[in-house]
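Peer 1: So Swiss-Prot lists these for the protein:
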type     : residues : note
TRANSMEM : 24-44    : transmembrane segment
TRANSMEM : 48-68    : transmembrane segment
TRANSMEM : 94-114   : transmembrane segment
TRANSMEM : 118-138  : transmembrane segment
TRANSMEM : 146-166  : transmembrane segment
TRANSMEM : 172-192  : transmembrane segment
TRANSMEM : 217-237  : transmembrane segment
TRANSMEM : 239-259  : transmembrane segment
TRANSMEM : 278-298  : transmembrane segment
C-alpha cells in the first residue's frame, strides 16, 4: 500500500508551488513593489499595487515553471535541485506546461486589467528573456550566462515603476543596473561551492570552465563595481542620507565577504556569502523605500 503523501491535495499543491521557485519569486516581486513606491511621491493606488504585484508574481512563477520543465533532467543530476517535483518525475511535462500557461495567462490578464500596456509588454519580454533566452540558450552554452541573462532577472523594479507611471525613466534603470551587477557575484559564490553539481550536469558555469581562482577574482571585481553602482541613487538625487548610509554599510560587508573569498576561500564561507547576498539586496531595496518616505520628513 502506498503511504506517501504525493497524491494528497496538500502535497500536490506544494509540488506545483515548488515549480514557481517561491523564494526567488518573492524577491523579484519585492523589488517590483519597491519600484512602484519609488515611482510616486505619494502612495501607490491600491488597484495598481495589488494588480501589479499579483500580475508580475504570476508571470514570474510561470517563467520559473518553464525553467523547471526545461531543466528537469539537469536538476535530477544536481543535489541542490534533485528534490524538485519536476526532477523527480512527480509532475508530467503536460501538467507543467498547463500550469505555466494558466499562470502566465492570469498574470497577463491581471496586468492588462489593472496596469498599462507598457507593463504587460515589459513583463512578457522579461518572461521570454528568462524562460527562453537564458534557460534554453545562454545557460547551457556560455559561462557568461549569468552576466548576459541577468538582464531579465534585473527587470522587476522597472516593471513596478512602469505599472505606476506608464514609463521607465532613468531612476528606474539605475535600480535595474543594481540588480544586474549584483547577479553575477550572487550566483558565482553559489557555483563555487556547488561546482561539482554543475560539472556533473554539464553546465558551463564560470568555476567549471575557468577555475576557482578566476571565479573568486571576478566575484571580487563585480562586488567592487556593485558598491560603486549602489552610490548612483544618491548621486542622481533619487535617494538621500538614509539610503547612502545603508548602502555603504551593506556594501562594505559584501566587499568583506568577497575579499575573504578571494584570499581565503572555503565552501562554508561561500555559503554564508550566498545567503548574505540575498539579505543584502532585500535590505538595500528596503533602505530605498524607507529613504523615499523619510527624506521629506528629515530633510536629508
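A Cβ is built for glycine as well, from the same backbone N, Cα and C atoms used for every other residue.
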Peer 1: Which one of these stretches, 24-44, 146-166, 172-192, has the most C-beta pairs shorter than 8 Å to the transmembrane segment (118-138)?
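Peer 2: The stretch with the most contacts is 146-166.
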Peer 1: Examine the transmembrane segment (24-44) against the transmembrane segment (217-237) and state whether at least 3 Cβ pairs sit under 8 A, considering only residue pairs 6 or more apart.
Peer 2: no
Peer 1: For the transmembrane segment (146-166), I need the partner stretch with the highest count of C-beta pairs below 8 angstroms, choosing only from 94-114, 172-192, 217-237, 278-298.
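Peer 2: It is 172-192, which has the most Cβ pairs under 8 Å.
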Peer 1: Determine whether the transmembrane segment (172-192) and the transmembrane segment (217-237) share at least three Cβ pairs under 8 Å, counting only pairs 6 or more apart in sequence.
Peer 2: yes
Peer 1: What parts of the chain pack near the transmembrane segment (278-298), using Cβ distances under 8 Å and only residues at least 6 beyond its ends?
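Peer 2: Contacts with the transmembrane segment (278-298): 27, 30-31, 34, 37-38, 41, 157, 175, 178-179, 182, 186, 230, 233, 239-243, 246-247, 250-251, 253-254.
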